[in-house]
Amino acid sequence: MASRSLMVALLLAAVAATCARAQLHEKFYSESCPSVEDVVRREMVRALSLAPSLAGPLLRMHFHDCFVRGCDGSVLLDSANKTAEKDAQPNQTLRGFGFVERVKAAVEKACPDTVSCADVLALIARDAVWLSKGPFWEVPLGRRDGSVSISNETDALPPPTANFTVLTQLFAAVNLDAKDLVVLSAGHTIGTSHCFSFSDRLYNFTGMENPSDIDPTLEPQYMMRLKSKCASLNDNTTLVEMDPGSFKTFDTDYFKLVSKRRGLFHSDGALLTDPFTRAYVQRHATGAFKDEFFADFAASMIKMGNANPLTGSQGEIRKKCSVVNH
């Protein structure tokens with residue numbers, strides 16, 4: 001009897017999730033706020049013309065939102081006692097919060113109390129990719145904003161130090177598979193990273209904390225180049241391009257780097273340890289299938305954006321993204 005009750009509960013949960021996803025659609029604001037995408041894009045064009053390096057962080061912020069409590073804008077919430085998601089260690093290097101508030105204010109001016117912060121962030125992420133010469137996709141909309149943001153729930157975020165097993169487990173938790181993992185990892189083609197996110201590969205791979213304690217899977221010349229930029233494990237300020245030479249352009253160069261063992265993070269190198277993801281990396285390292293990769297990236301972004309959204313009467317439409325309405 002208990003097992004039957006459990007099966008029914010699981011089935012109802014699956015149906016509820018399917019219904020929630022079904023309520024997201026590209027024309028959700030066609031009547032209530034038809035100008036929303038134009039408003040967001042205008043702000044994005046203005047911002048990236050002044051600071052093109054902001055594209056990577058804005059894309060990353062959407063990732064970090066969706067992996068914790070689904071895409072509900074919870075990563076944007078402030079906390080008086082510093083216990084919100086944005087206060088957790090994995091989110092300490094996120095940037096662009098002020099810009100998101102500026103975009104939300106512009107949307108509020110056009111359509112008060114209508115468009116959620118979660119949807120604004122999803123549109124920002126799409127335009128960050130597209131304006132960096134990446135793919136364009138229609139974003140399913142209709143998410144509502146959550147009111148809960150808890151720092152220790154960021155354990156659900158895939159860390160840059162993760163191996164393939166951990167990565168697949170964390171992706172599966174938000175209904176993403178191995179193909180989504182390898183495709184979305186290529187978001188690292190734009191943006192930069194702090195040295196401390198990968199410096200253990202240069203100085204402390206096995207815990208010995210000395211210059212010879214290196215990750216043997218990292219290509220030697222690339223490793224020496226990284227060491228010239230990141231002088232020690234204690235470097236907490238230096239930024240390094242994740243895709244050297246084209247870190248402001250969304251392209252397939254990421255796969256070329258990973259295939260040559262020049263992926264910046266453990267998680268990048270982990271893609272070579274599985275036959276399926278390794279084959280995908282090697283195929284797209286040729287640069288001959290850009291359109292195919294762009295279509296895959298768009299599909300995986302839509303799939304990630306469908307992760308456990310709040311819809312209908314759930315949640316709220318925040319007036320400011322950093323605070324709940326009540």
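The backbone N, Cα and C atoms fix where each Cβ goes, and this holds for glycine too.
The disulfide bond recorded by TrEMBL for CYS111 reaches one of CYS33, CYS66, CYS71, CYS117; that cysteine is CYS33. The distance from the Cα of CYS230 (disulfide bond) to the Cα of ASP243 (Ca(2+) 2 binding site) comes to 16 Å.
Across the disulfide-bonded residues listed here (CYS33, CYS66, CYS230, CYS321), the residue whose Cβ sits among the most other Cβ atoms within 10 Å is CYS66.
Among the recorded positions listed here, namely HIS64, CYS195, ASP243, ASP251, CYS321, HIS64 has its C-alpha nearest to that of GLY70 (Ca(2+) 1 binding site). Taking the centre of the Cβ atoms of ASP65, VAL68, GLY70, ASP72, SER74, GLU85 as the Ca(2+) 1 site, the nearby residues of that chain (Cβ within 8 Å, site residues left out) are HIS64, CYS66, PHE67, ARG69, CYS71, GLY73, VAL75, GLY146, SER149.
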